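Peer 1: A single structure is presented below for examination.
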Amino acid sequence: MRKQKQSQGHISIANGRFLSAGGEQRSWTLDPGLGSWLVHPCAAIYTVPHITDTIFCLNAEVAPENLHVNENDENQERGNWSKKSDYLLSMVGYAVGLGNVWRFPYLTYNNGGGAFLIPYVIMLALAGLPLFFLECSMGQFSSLGPVSVWRILPLFQGVGITMVLISLFVTIYYNVIIAYSLYYLFASFQRELPWSKCSISWADGNCSRSPFVTHCNVSISINEIFQANKSWVDANNLTCINGSEVYQTGQLPSEQYWNKVALQRSSGLDETGVIVWYLALCLLLAWLIVGAALFKGIKSSGKVVYFTALFPYVVLLILVIRGATLEGASKGISYYIGAQSNFAKLKDAEVWKDAATQIFYSLSVAWGGLVALSSYNKFNNNCYSDAIVVCVTNCLTSVFAGFAIFSILGHMAHISGKEVTQVVKSETITTTIQDLFPKVMKKMRAPITLGCCLVLFFLGLICVTQAGIYWVNLIDHFCAGWGILIAAILEIIGVVWIYGGNRFIDDIEMMIGAKRWIFWLWWRTCWFVITPILLMSILIWSVIQFRRPKYGQIPYPNWGVALGWCMITFCIIWIPVMAIINIIQAKGNIFQRIATCCRPAANWGPYLEKHRGERYENMSDSKKETNHEISNISDSRKPE
């Protein structure tokens, strides 16, 4: 850029014209060889050696390193959602997914049918919704991801790491389930569905869509009647005596196709077998889709969700209508919400643990993703109404999906002659990296995102071997159960009991405005008492009643169970580790160090200075300090 007339102060670009600080027009010539683009927290800057003027460009498109931020964003460092609808659909898309369509119906089936809805609704009201609102508020208030947000309480910084690690493990097998879906999608592009009938290429003699005769009585003379095998009867051209047939329910062709063709399932976890190549390709495709959706951060994922969040509802509606027209559908619906529900299951601690973890799984509470997505909101967004809308939408979707699944199960039970209970057998990571390494993410968001997807693809290959389904079930049992329960308990204890529930409410009111005391009565009751006590009771109860995991009737070997415990230990060990590290880094005697770590870090508060007000006027600049910096006990912070 070559200057033709000297000016004072800085030069700004507006609407294609170059204006000096005094408002005078200046003429400039672009010269790529003379200057260079730099990235600044507020704008893209063009600097020219030996010339003091600096060009501030108001068009973010000229700074290719920072494409996830545009000129309308309130936070020019991290970016914001382009529209409110982008955020809401992203939250719905993040919360509503296979957990609603796959895991909720499965747990409902496994835990007494409609009886499971009772603990599910209770857990939604007393645990899910309070934690959902808490996490959305934390992320929006600080504009930080699930690890860095623990500047609020450095002693519990490991809780954020635990959330990310649990998300990592679950993400590995979650995309394997997506790969299953993609496989069935491609396999369905045939004139006749390959699992619609028993094929001689993979089915055995037990494959049948309806009960078949195994024995019957035959007569070889007037006075001699005996029972014989049906195959022997047919081989000798004999005829069964009417009413003497003995029927046996076989395996549906869809079940045998799933085990023998789709999974090529081995006999157990001990028999790993080979990688099922078509599942591996589907897994790679799944990760490529994820990488493409996250390529430009929230600017690209916020647009993708208009399809990914809404299209499943179209599919669910089609499935419900189709399922309701199938013969025997009422049998499945009766088990789902009718008289066939097993209310005796409510005495089992596992049912209540499954209800709690399903709420966390479905709402994505304690995974860190809610904090990550909410961190891109504008500061004064109404996160309270968002939490209510997303939670209600999510749980209604789960119940609605149950009608689709159980109507089909009822039809399968009808044609196979079985009871319903016999038909079936049993953005977070990249946001964390951005908070820890913001400069690197600006320049290398695309390769880092794709790199993460590639690494997770390779880690997931164990789940597409012939023993893959056992690995999927193992990770789900341990990491998606106790891990998120522990993270949720420590999260609410840390924020409400140590940081201070009333102080946190003051933080929320800085965003959504002051509310009357009656508004906060329910939230205070849940945050301070009901939610933490309820979650701790479920955790203790479920540990006492622990039963070894199994897939169907196949038990896991000792080393598999030990590995499951190792996975959950690896996730939660960072809680005490980070607490010890932060205590060591603090100053003073041991009591002073612990006290320091139990107070917010010096750089905790609203990300942008204009939102800090008097309560956070002494806050350190969050952009100049590391995420792990701990305030000294002698630091002067205005009391809350």
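Positions of Cβ are set from backbone N, Cα and C atoms, glycine also.
Remember, TrEMBL labels are computer predictions, not curated facts.
As listed in TrEMBL for this protein:
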type	residues	note
TRANSMEM	87-104	transmembrane segment
BINDING	GLY93, ALA95, VAL96, ASN100, SER362, ASN394	Na(+) binding site
TRANSMEM	116-134	transmembrane segment
TRANSMEM	155-186	transmembrane segment
DISULFID	CYS198-CYS207	disulfide bond
TRANSMEM	275-295	transmembrane segment
TRANSMEM	304-324	transmembrane segment
TRANSMEM	387-409	transmembrane segment
TRANSMEM	448-472	transmembrane segment
TRANSMEM	478-500	transmembrane segment
TRANSMEM	521-542	transmembrane segment
TRANSMEM	562-584	transmembrane segment
COMPBIAS	616-628	compositional bias 'Basic and acidic residues'
REGION	616-640	region 'Disordered'
Peer 1: So if I exclude everything within five residues of the ends of the transmembrane segment (275-295), which remaining residues of that chain have a CB under 8 angstroms from its CBs? That is, six or more out.
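Peer 2: Here the qualifying positions are 175-176, 178-180, 182-183, 186, 262-264, 301, 304, 308, 427, 430, 445-446, 449-450, 453-454, 456-457, 460-461, 463-466, 468.
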Peer 1: Quick one: pull the CA-CA distance for ASN100 (Na(+) binding site) versus CYS207 (disulfide bond), whole Å only.
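Peer 2: So the alpha carbons of ASN100 (Na(+) binding site) and CYS207 (disulfide bond) sit roughly 30 Å from each other.
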Peer 1: In sequence order, what residues of the same chain, 6+ apart, have a Cβ less than 8 Å from the Cβ of CYS198 (disulfide bond)?
Peer 2: CYS207, SER208, ARG209, PRO253, GLN256
Peer 1: Would you please pick out, from the recorded positions ALA95, VAL96, CYS207, the one with the fewest other Cβ atoms within 10 Å of its Cβ?
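Peer 2: Lowest Cβ count within 10 Å among the recorded positions (ALA95, VAL96, CYS207) is CYS207.
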Peer 1: Counting only CB pairs under 8 A, let me know which of 304-324, 387-409, 448-472 has the most with the transmembrane segment (116-134).
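Peer 2: Counting Cβ pairs under 8 Å, the winner is 387-409.
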Peer 1: At a C-beta cut-off of under 8 Å, are there same-chain residues at least 6 beyond the transmembrane segment (387-409) that contact it? List them, or none.
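Peer 2: Residues 88, 91-92, 95-96, 99-101, 104-105, 108-109, 117, 120-121, 124, 128-129, 132-133, 136, 313, 316, 319-320, 323-324, 326, 329, 332-333, 335-336, 362-363, 420, 423-424 contact the transmembrane segment (387-409) from elsewhere in the chain.
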Peer 1: Applying the under-8 angstroms CB criterion, which one of 155-186, 304-324, 448-472 scores highest with the transmembrane segment (478-500)?
Peer 2: 155-186
Peer 1: Over all shown protein chains, what is the count of other CB atoms within 10 A of the CB belonging to GLY93 (Na(+) binding site)?
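Peer 2: A count of 22.
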Peer 1: When you measure from the Cβ of ASN100 (Na(+) binding site), how many other Cβ atoms are you left with inside 10 Å?
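Peer 2: 24, counting other Cβ atoms within 10 Å of ASN100 (Na(+) binding site).
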Peer 1: Going along the chain, which residues at least six beyond the ends of the transmembrane segment (155-186) come within the CB cut-off of under 8 Å?
Peer 2: 98, 102, 145-149, 262, 278-279, 282-283, 285-287, 290, 366-369, 428-429, 432, 456-457, 459-460, 463-464, 468, 471-472, 475-476, 479-480, 483-484, 486-487, 490-491, 494, 498, 567, 570-572, 574-579, 582-583, 594, 597-598, 628
